[in-house]
Structures are given as structure tokens and as C-alpha cells.
Amino acid sequence: MNELRKNEVYEGRVEDYSHDGMGIIKIDQKPVFIGDVLKDEVISFKVIQVKSKFAFGKLLSVKEASKNRQTPPCEYYYQCGGCQIQVMNKEEQANFKRSTVERNINGLAGLNLEIKETITGQDSYYRNKSQIPVQKIDGNLVMGFYRPRSHDIVDIDHCYIQKDSHNDIMNFVKGKLIEENTSIYDEVKHEGLLRHLVIRSNHDDSEIQVVFITNGKRNEFLSITKALKEKYPNIKSVIQNINDEKTNVIFGKRSIVLLGQEYITDTLLGKEFKIRDRSFYQVNHEQTEKLYQIALDLADLSADETIIDTYSGIGTIGLVASKKVKKIIGIEVVDTAVEDAKENARLNGIENADYYLGKAEAVMPKLVKTGVSADLVFVDPPRKGCHREFLDSLIEVEPKKIVYISCNPGTLQRDMKYLSEHGYKAKSVVPVDLFPQTKHIEAVTMLERV
Ligand SMILES: C[S@@+](CC[C@H](N)C(=O)[O-])C[C@H]1O[C@@H](n2cnc3c(N)ncnc32)[C@H](O)[C@@H]1O
């Protein structure tokens, strides 16, 4: 038998992918996870870590390459932790995402559903939000993204997945920060000013927001703000967000407008949305429109229906559905997002929408007590999925349909399994690639009460 040992070199054929896009080769029944390899490739690798149930390996050479292997298009790919699967071409990325959904839904949850082909789209320069950490190392300003599993920044001047307008602004701000000798935050000493630069834009870059996230409220950004406005007339909003906590959370609770408006405006499926710095907004405009359209098609709404839009963010899904339904009830935990959702309803002349601030698992049971009824519920939780109390109250509401949008197949399968044990059945799940070049996977499904 082939005992697995650290630092030993092995050869094998990649059998499958892990949920985070690593290849799996089994040696002595033990799965070894290896990055930057494709399914069916024969590779040689060195074992770098052995745990009781699994191990990690490092790719040494590819003996038989997959036809779907590509040279990573980004020059920083092997240092930067932002993307994980640039060695796969578009087709293989779609295969990996579909197979991960399949393994979760049909393997782990045992639901035996049809898993549709992954819906793909533009796979470069798509991200409309960039959150760029800033540090000073040996007196030099560095801006970029973290190395995998670390807080060291890879200093970059170009990111392949953020919009090119963001690359431009990032480099411009960097030059100005150096020129102005702006105080930079030191996370070990918890002192210094600038922590992150955030850039967000609408679909055609006609409105861009720049956010300086700072430790404390000292404003050292007057001249940079002025220079930004002169160079980029489409920057409609410059914000200083204050975060003086010792934390990995990027945004603090207070924002001050340095220039222009508090928000930028974007259009999704013909509706307009105001987006403020702290509110959630999907990062890939083209794919979000496809995702929402699939959700709407699955919902197949009619004019006399009431819908509940849970985890509603700034109201996007419910509001794109609004003209088709009698009433919308939204639930969302971030206060500014709820304010945005109300404002967005007004902006689109929609009078049939009400929003509740609070955790879905707290608000939904309260709504149940008031005897609320709904024909359909949209569910779009964060990665950790739904709280059991929320699912229980959702089941109590007894909607005919639940349209579930998920950014984590692991929690989607758990929640779908629970719903299927309580009378809700789906037929299929559609993976939508909202995050090309990365391991992240979005999926949408519709469950019907049987
Ligand atoms: C994946 S986003 C979806 C937002 C929106 N549906 C969209 O498509 O833009 C999840 C949203 O749930 C909110 N959220 C997180 N935990 C929550 C909870 N326990 N209850 C209600 N909302 C929550 C987040 O603030 C975020 O706006």
C-alpha cells in the first residue's frame, strides 16, 4: 500500500474538483488537494501537508494536460488570492461550477434534480466593485489584493477581473497618495489613516463612486478628491467611511460625503437603483440581469400576487418584479439598504412595496404572527444561507413557490433538503457564473409546494 508522506513526490490522474476549485487525487484512499490542476490531467505533485483525513499537494509538472487548460491571463495570478481558477478556460470553469452544484444538490442532499448548464458571460473586467487594501511596507505604498490566506498585499497596477476604469482610478489615486504622503493605516499597531480604497461603478461607467475607508475621521483627501473630480467627470460621489475598529470588516458605520452625492445610480432590467457605499449590490451587472431574469421566469408572477423579498438588499429583485404583482414585502438587516430600497421604490414610481428592517429569522416569524400570506417568496441569503427559524416561518407562510438564489451551493443544498422534507420540491437548479476566474458559484432554483 502507498503510505502518504510529506515531501514525497507522487504522480496521478485528477479525479474531481473540491468546492474551491482544487483538483483531487486519492492516494491510499486519502484525498490530496492540489491547486491549478484540471480534471483528468495526469500530474506529478509533492505532498506539502498531511492531515488525518486529507492532505495538500503542490503541482510539480503536468504530464498529460487537459484540452481546457489555459495560461492564466493575469500576470499576478500565481501570487494574488483574488482568483483561483484562471488555469481553466471558460468551458472548464463552467464545468467545475456545474459539477460543484451537482455534487451538493444530488450528492450531499440526495435531491436528484436536473442541474442545468452554467450560464456564462464576459469573463474579464466585469467587477463593478473593488475593495483595495492599502499598506506601507518598508516605506513604500502598496495597493492590491491579499495573497492567499494572508494579509500581505500583492502590489498590482492591473486587475484582470475588475473594470478597467477601476484599474485607472486605482493607479491615479496611488500616485496622489504617494505625492501627498497621506497617512496609511498599520493594522498591527492600529494607527495611521487610510485602510482601503473602494471603487464602485454603474453598468456603463457613467456614475462612479470612490470611498476612502479610514481609521478616524481626519480628512487628508481634499486635494485628491479635487484631482479625481477634474480627471474623471463621471465620479459622482466621493465618500469617507470611518472604521476605527481593530477588525477585518472593511466598512465602518459612519460615512461622510466629500464630493457630490451619497450614492450612484444603476439600471437593472429597466429599473433604476440608488446604491450607497455600505449597501450590497451584485458585482457583475451582465450576469445579474441574466440571474434575475431566470428568477422572474421561474416565479412566473401574476398581477394579483403578493410576494415577500427576503434578504432584499436595496430592493432589486422585488422591484424588478413589482409591476407584475399586487404587493411586495421586503426584509433586510442593513439599515441603509432598507432606506435605499424604500427610495428605489419611490424612484421607480412603485407604491406597492413595504420594507422591514431586521434579521429575516426575526422578522419573518413576526409577520407570520400577524397572519401575513404570500404567493411567492424570493430568498437570497448571504453565504451562510438561511437560519432554521427563518425556514420554519417560511414553511408556515405556505407560499406556492419559493425562488431561492444562492451564492453558496453548500448552504443551498442544506436549505433545499430541509424545505424538501417540509413539502417543497424543485425540478432543476441553474448555475449562473457571476464570478468568472474565481471559485465562487451562484445558483438559482424554484421550489413548489406539493
Ligand atoms: C446576497 S445579498 C442579496 C441582496 C439582494 N437580494 C440583491 O440581489 O442585491 C444578501 C443580503 O442579505 C442581507 N442579510 C444578511 N443577513 C441577513 C439576515 N439575517 N436577515 C436579513 N437580511 C440579511 C445582506 O445585508 C444583503 O443585503
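Using the three backbone atoms N, Cα and C, a Cβ is placed for every residue, glycine included.
Values in this document were obtained by computation on a predicted structure and should not be read as measured data.
Taken verbatim from TrEMBL:
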{"type": "DOMAIN", "residues": "3-61", "note": "domain 'TRAM'"}
{"type": "BINDING", "residues": "Gln282, Tyr311, Glu332, Asp380", "note": "S-adenosyl-L-methionine binding site"}
{"type": "ACT_SITE", "residues": "Cys407", "note": "active site, nucleophile"}
{"type": "ACT_SITE", "residues": "Cys407", "note": "active site"}
Calculate the per-residue pLDDT averaged over the domain 'TRAM' (3-61) and state the result as an integer.
96
S-adenosyl-L-methionine site shell beyond Gln282, Tyr311, Glu332, Asp380, criterion: Cβ within 8 Å of Cβ centroid
Phe280, Asp309, Thr310, Ser312, Gly313, Thr316, Ile317, Pro381, Pro382, Ile405
When each of the recorded positions Gln282, Tyr311, Cys407 is scored by other CB atoms within 10 A, the minimum falls on Cys407
In three-state DSSP terms, the structure that Glu332 (S-adenosyl-L-methionine binding site) belongs to:
strand
Among Glu332, Asp380, all listed as binding-site residues, which has the most CB atoms within 10 Å of its CB?
Glu332
Quick one: DSSP breakdown of the domain 'TRAM' (3-61) into helix, strand and coil?
0 helix, 33 strand, 26 coil
Between Asp380 (S-adenosyl-L-methionine binding site) and Cys407 (active site, nucleophile), what is the CA-CA distance rounded to a whole number of Å?
8
Give me the largest Cα to Cα distance among Gln282, Tyr311, Glu332, Asp380, the residues the record lists as binding S-adenosyl-L-methionine, in Å as a whole number.
15
Where Cys407 (active site, nucleophile) and Tyr311 (S-adenosyl-L-methionine binding site) are concerned, what is their Cα separation in Å, rounded?
13
